[in-house]
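Structure first, commentary second.
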Amino acid sequence: MTPPLIAVLNGPNLNLLGMREPEKYGHSTLDDVEALCAETAEELGLAIDFRQTNGEGELVTWVQECRGRAAGIIINPAGYTTTSIALLDSLLAVGLPVIEVHITNIHRREEFRHHSYVSKAATGVIAGLGVEGYALALRAMAGLVAPAADEDDQDDEA
Ligand code: CA2
């Protein structure tokens, strides 16, 4: 059976991870985060499509392309978290489970980082646990996309 595909989408400036401001964002690079996600996904029987863009339109297009292709979306929208109604609309339209991830605890930071449009479309939000938040999101997503046991199966067990 083909493993369910989870899109792991990263917004603007996350390509700088591990290269600038390590006191805030840690020492892992985005390549390290992709390796962590790939390893965790394999353990969980999931496939991932891991991407980063600095463009809002590109991020919206990638979300739209998840329709009929992916089983769920994990997204760190970075700077578009607090600004992008277009990104929110695309996430609502695609109708898939969405987990929003932030490396830092946005609620302990500047006031302008506290409000997230993306959270309106998110099944769950993970913030402040560093890059480990991506692995935790994949674990939660595995539960969300697991096929529910149907009634026949339950009858078989009885
Ligand atoms: O904590 C997070 O993951 C954020 O989504 C990161 C965003 C920030 O705008 C959000 O409020 C919280 C910033 C991403 C930029 O990443 C950098 C990484 C290293 C160096 C500079 C920027």
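Yeah, the Cβs are placed from backbone N, Cα and C, and that goes for glycine too.
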Revision key, fill the gap. In TrEMBL, substrate binding by Asn76, Asp89, Ile103, Thr104 extends, among Arg69, Arg113, to Arg113
Study note, to complete from the structure: Across all protein chains shown, the recorded positions Arg20, Tyr25, Asn76 give the max Cβ-within-10 Å count at Asn76
Check your understanding: Far apart in sequence but close in space: which same-chain residues, 6 or more away, have a Cβ under 8 Å from Thr104 (substrate binding site)?
Key -> Lys24, Tyr25, Ala127, Gly128
Check your understanding: Out of His102, Arg113, which of the recorded positions is least crowded by other Cβ atoms within 10 Å?
Key -> Arg113
